[in-house]
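Trainee: The structure is given below, and queries will be raised subsequently.
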Amino acid sequence: MLSTKRKALDTGLQRRVRARRESSEEIEESSSDSAPSEIGRDDNEEEESSSDETEDEVEEEASESEEETSNDAAASISFGALAKAQATMSKPSKRDSKKSKKSNADGWEDNEATERKAGKKDQRDFTRSSKNAPTEISSKKAVSRRREVVPVKKREIRDPRFDPTHGPVDMGKIEKVYDFLVDYREDEIKKLRKTIKKTKDEDEKEKLKRDLLSMESRKKTDAKKRKAREILDKHRKEEKELVKEGKTPYYLKKAEQKKRVLLDTYGELKGRQLDRVIERRRKKVEGKEKKNMPRARRVVE
């Protein structure tokens, strides 16, 4: 492109120089022949018009050469490069996308209809003016478009051993079948006690102690349940024998069952052991009563 421009400019300069020479010769001839001033003026006008024409021709030639070179450059570009350029031009910039998002967020506040669309969350700012001010929540909550035409029951995974179709669960039989688990738990408790004595890390020791405490508490609860079940079974057997004799059966209430369990567990205790148990029970009951009391009445004057 540069070479063609230079050539065009060189030709233009040459033409201009020629025009100037002709004008100088004409001026000399006019001065020697003593021509009138009007003829000289006409010659000057002709010279100016010729110089303008030459300049226009030079510009036209330069533009034509530039067009030719640009066409050659476009023809040499590969289709892959053109496709990439087209893709980059078609993609929206990050700034434009951010602006569109901001405009959507502003439009949400103005348009209430869009707020009611299903699946859309309320994007308005509900920040409180102060920590003591009440929280503001939008009442325009989106309702889902999905509706249950035919209600379908949810599939429940259940254990066939404890299925209600087989009748009520007999805990006595289950305990007899899984009685070996009690021995396993006893062995685990013994092993835990040994490991607690051996461990030197305090954090690990605390963790093991917590595990031991939970296992022992579970063992105690299981023993209580077993004792309560034994008392109930004993009562049922007695009632069955009385029914055979022709008497009406007497069903124990839950409160009566608890009383009998307490009498059975603490009836054999005497002296200090009984006092300790009674004191522990009293504190437990007091704690429960305090929890149920309102805050104003908890403090005893």
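From the backbone N, Cα and C atoms, a Cβ is placed for every residue, glycine too.
So Swiss-Prot lists the following for this protein:
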COILED    182-272  coiled coil
COMPBIAS  43-70  compositional bias 'Acidic residues'
COMPBIAS  113-128  compositional bias 'Basic and acidic residues'
COMPBIAS  145-164  compositional bias 'Basic and acidic residues'
COMPBIAS  199-220  compositional bias 'Basic and acidic residues'
COMPBIAS  286-301  compositional bias 'Basic and acidic residues'
REGION    1-169  region 'Disordered'
REGION    199-232  region 'Disordered'
REGION    282-301  region 'Disordered'
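Could you tell me the structural context for the features on the list?
Mentor: Residues 185, 188-189, 192-193 of the same chain lie 6 or more positions beyond the ends of the compositional bias 'Basic and acidic residues' (199-220) yet place their CB under 8 Å from a CB of it.
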Trainee: What are the helix, strand and coil residue counts for the compositional bias 'Basic and acidic residues' (199-220) according to DSSP?
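Mentor: Taking each residue of the compositional bias 'Basic and acidic residues' (199-220) in turn, the totals are 19 helix, 0 strand, 3 coil.
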Trainee: Pull the DSSP breakdown for the compositional bias 'Basic and acidic residues' (145-164) and write it out as helix, strand, coil residue counts.
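Mentor: Across the compositional bias 'Basic and acidic residues' (145-164), the residues distribute as 4 helix, 0 strand, 16 coil.
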